[in-house]
Each structure stands twice: as structure tokens, then as C-alpha cells.
Amino acid sequence: MNTYDVVVIGSGPGGYVAAIRCAQLGMKTAIIEKYATKGGTCLNVGCIPSKALLDSSHHYEDAVKHFAEHGIELTGEVKVNLQKMMERKASVVEQTTKGIDFLMDKNKIDSYQGEGSFKDKTHIEITNEKGETETIEAKHSIIATGSKPSSLPFITIDKERIITSTEALKLKEVPKHLLVIGGGVIGLELGQVYKRLGAEVTVIEYMDRILPTMDSAQSKELTKVLKKQKMKFALSHQVTSVENTGDEVVIKAKDKKGNEVEFKGDYCLACVGRRPYTEGLKAENAGVKLNERGQIEVNEQLQTSASNIYAVGDVIKGAMLAHKAEEEGVFVAETIAGQKPHIDYNLIPGVVYTWPEVASVGKTEEQLKEAKLTYKVGQFPMRALGRSRASGDIDGFVKILSDATTDEVLGVHMVGARVADLIAEAVTAMEFRASAEDISRMSHAHPTYAEAVKEAALAATENRALHI
Ligand code: FAD
């Protein structure tokens, strides 16, 4: 029987990163993945394919709507070849997942394909597609089995017309009218893909705003911009039924006043969240407890109720984000190696890859109000930047919230071009506990979108913004 210092179950960003770090730290490491390709949700049916389609559809939209403004005239008809777009996406996914195999080999990590299930605290059985089994021994294990799309009890996902994000990433036609249930990150990103490709898109959201966990200024700005792009929103609508009649999909919902409203389309994309995935793991055989939400219960060291077994990523509490899973993978590897790592969960950024992009770190204004903290706000609009005018991407803003007494930056919230990348500056600044004035006194290259960060910091410290 093969014996390992660490066995990782699941090869998503949490699992494969944990395996690499364990191997770097000199531990004999194995990784088990159920599917033929490694990379988990993120690489196969999440972050990477969705960004590939967002980029492709963005190019199309630019060609149709914006090239002319730049003096670029297209003489022929600009058409979408959805099959080719999907093939390109598939090849991006393939290159990326193959990269994980390369990294496993490079780090001398043994890979097993099959479903991993605990026989006891130190033995894991791997069952492959043919039903063949093999048992390996693990001094320590890391559970990184991730999550799956969740649904509402009355929705039957038929994977044809009533679909989740997984099917939405491989549609064979552009819907005529895509009804999206849920105005969160995934619904908005995939909604925008199909909007750009020509679908009518209606987002039905239970809360009174999209992106309900982000700063409300961001929800407001993105709603305004997406409405300009002709996306439709039904906010404060509680979906009560979804039916595929054969000819169309009919969604019934109750509005704020309790009136029943009907939506008709040809596809319904249910984006109502994701649930932790532990099926087949037989966690109970190892004494690993789940909480009432089905997540693996962990302590501050991300250790489960079995002391030699840890868990990371979507399968435990916290934001369901690839980079959060990665941080936890490194954290657990270093903890097993006897180090004392640290994760500041307040500084895990959140990003929405619509265009304009949306990015956040730290506390929102709503959270500061609720905590009764006194704070200052500095906000700077993207439209006032030379860089924005040059590119034509004028929507959005950077908003900095800093402590009223110490000026320490408490939260940074952005909407605009390339803010998914800009947020890294805010994370760095906050990691080093910078004040708004610190940021305002750092030179930012001109002309860049990053100048909005400096200007917002200037605005937060005695209203000193220079270009507005
Ligand atoms: P996963 O990536 O879910 O990986 C778990 C792996 O474990 C899977 O490969 C699964 O097959 C395997 N597994 C499960 N059980 C077993 C078992 N018993 N034996 C063996 N293998 C098993 N996050 C971002 O940060 N940025 C984004 O832009 C982003 N975009 C997204 C877009 C979409 C459409 C979706 C759906 C998600 C997106 N996410 C994004 C979220 C991100 O994909 C997840 O947070 C991330 O993949 C979680 O990583 P993980 O390692 O915890 O689990």
C-alpha cells in the first residue's frame, strides 16, 4: 500500500495549490481527482471558461458597437460563430488543466484518478470509473472537494432549457431571451456574455439590489451601466415556480407588493448559489463532522474534527472564491509542516468580471455603519481620468473608506475598466495598514486607471482630489 505524508482529495485551486505547497515543503504528497481533468470547478466550469467567454463576447461587442467610434470601419458583416467561440474556450480550459498535470509532475506529486472516500482517519479508498478500488495511507489529509451549483426546491434543472452555470458555459445557440435567476456574480457575468451575443436578458433577483453583499454604491453603478447595455432587472422578486413548457420557459415570481408576475423566455439560468460538495467522501468514517449547512466544520487552523484531516476552499465556510481556496491550501500545507501561517479574511478581494468590472476589499459602507464606526469617504469617477477618455471606458468610480480618526483604509470599492487588477493595490495598501494619505502621496503612472485610486485617496483626506 502506498503511504503518504499528505493526501489531498480534490484538484481545484484549493487542492492542487495545497499539494504543490506540501511537496515544496518536502512532504510525500498525493492528489486524488474524480474527473479526468484536474483543476476543479475553477478551471473546468468556473473562472477560466467564464472569463474566456467574457473576453470573446467583449471583442464581438467592441467590433459591433465601438470600433466605428475609433474610426475602424468593418466592411463585411460581423457575425458570431458560437461553435468556434466555444471551441476556443475549450482549448483555453485544456491548456490550463494540462498545466496542472505539468505542475503535479514537476513537484513529484502522485496523481490518482477516481473518487476518494475515507475508510478511516488514515486510509482512503480510490474508486475509478470502472469500479476498481485501491487504498492508500495518509498521515494527513486535506479535503478540497469544492462545491456544486445549488438550486431552489421547486426548480428542476433539466440541463436543456433550465440550466446552471455549467450548461451555460457550453450552449449550442444564443438564447433569444435568457431569464437569469439571481443577480450575483455568476448570473451577471454569464448574463452579460449572452447579452453581448444578442440575447435579451432579464435578471430576477430576490433582494432589492444586485450584488447584495457588495457596497451599495457598486450595485447602483453597475445596475445603471447594465441597464444602459439593455439588460433588464426585476429586483425584489421572489421566484415561486419555473416551468419548461416545451415551447418556452415560464417563471412565476412575487413582486414586493405580493403580486404574481410572469416571465417568459427560452432559457432559464439558475444562479442561486453553490453548495458544498461532500458526496461519496464518507467523511463520517474518519470522524469528520459537517455543520448544518453541509460544510466541513473546521477550527481556526482549518483542522476538521479529526485532528490529522484538514479542509479548504468551497467545502468549508467563507467566500466561495478560487483565491480564497488557494490561500487556504497554502495555509494548511504550512500548518502541517509546523509553520505558523496567517490568512486575513478581511483582505480577500471580491471581483465581478462584467464590463465595467467590479472589485472590492475590506469593509463596505453598510458594514461600517452597522459596526457604528466613524469613517471618511473619498470617491473619484473614472470619467475624470485621461486614460478613461482615451479608451472610452468612462463608467465607474473608485471609493475609499478610511477611519475618521486614524485615516487607516478600511475598505476600497471600485467599478470600472480593469478594476479586477487595480484592487491588488488596495489589498497591498491595506495589508500594510496604509492610511488614505499614504496612498495619496504615492506616485501613480499617468495616464492609468490607477490614478483613480490616488485621486480617491486624495478625496478621502481633506477633499484634496486634483482632477475634479
Ligand atoms: P473546486 O474547484 O470545486 O474543486 C473540487 C474538486 O474536487 C473537483 O475537481 C471535484 O471533482 C473534486 N472532488 C470532489 N469530491 C471528490 C472525491 N470524493 N474524490 C476525488 N475528487 C473529488 N472564483 C474566483 O475566485 N474568480 C472567478 O472569476 C470565479 N468565477 C467563477 C465562475 C463560475 C461560473 C463558477 C461556477 C465559479 C466561479 N468561481 C470563481 C468560484 C471558484 O470556481 C471556486 O471558488 C473554486 O473553484 C473553489 O475551489 P475548490 O478547490 O474549493 O473546489
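Quick reminder: no glycine exception, Cβ is built from N, Cα and C everywhere.
Since this is a predicted model, take the numbers as computed values, not measurements.
Under the three-state DSSP scheme, HIS446 (active site, proton acceptor) falls in the coil class. According to TrEMBL, the active site, proton acceptor annotation covers HIS446.
The DSSP secondary structure for THR145 (FAD binding site) is coil. According to TrEMBL, the feature FAD binding site maps to LYS51, GLY116, THR145, GLY146, SER147, ASP314, MET320, LEU321, ALA322, HIS323.
What TrEMBL lists as NAD(+) binding site is GLY182, GLY183, GLY184, VAL185, ILE186, GLY187, LEU188, GLU189, GLU205, GLY273. Around LEU188 (NAD(+) binding site), the same-chain residues six or more apart in sequence whose CB sits under 8 Å from its CB are VAL180, VAL203, ILE210, LEU211, LEU222, LEU226, VAL352, THR354, listed in sequence order.
Around CYS42 (disulfide bond), a 10 Å sphere centred on its CB holds 24 further CB atoms from the protein chains shown. In the three-state DSSP assignment, the secondary structure recorded for CYS42 (disulfide bond) is helix. Per TrEMBL, the feature disulfide bond maps to CYS42-CYS47.
Under the heading domain 'FAD/NAD(P)-binding', TrEMBL lists 4-329.
The average pLDDT computed over the domain 'Pyridine nucleotide-disulphide oxidoreductase dimerisation' (348-457) stands at 98. What TrEMBL lists as domain 'Pyridine nucleotide-disulphide oxidoreductase dimerisation' is 348-457.
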**OP:** Quick one: of the binding-site residues THR145, GLY182, GLY184, LEU188, flag those whose CB is under 6 Å from ligand 1, and say none if nothing qualifies.
**Re:** THR145
Original post:
Closest of the recorded positions to GLY184 (NAD(+) binding site), Cα to Cα, picking from CYS42, CYS47, SER147, MET320, HIS446?
Top reply: MET320
**OP:** Would you mind splitting the domain 'Pyridine nucleotide-disulphide oxidoreductase dimerisation' (348-457) into helix, strand and coil residue counts from DSSP?
**Re:** 40 helix, 33 strand, 37 coil
**OP:** State the Cα to Cα distance, in Å, between GLY182 (NAD(+) binding site) and MET320 (FAD binding site), rounded to an integer.
**Re:** 16
Subject >> Collapsed DSSP category at GLY182 (NAD(+) binding site) >> reply: coil
Subject >> Cβ-Cβ distance under 8 Å to ILE186 (NAD(+) binding site), same chain, at least six residues away >> reply: SER50, SER165, CYS271
Subject >> Close in space, distant in sequence - CYS47 (disulfide bond), Cβ under 8 Å, 6 or more apart >> reply: ALA322
**OP:** Out of the recorded positions CYS42, GLU205, HIS446, give me the one sitting nearest to MET320 (FAD binding site) by CA distance.
**Re:** CYS42
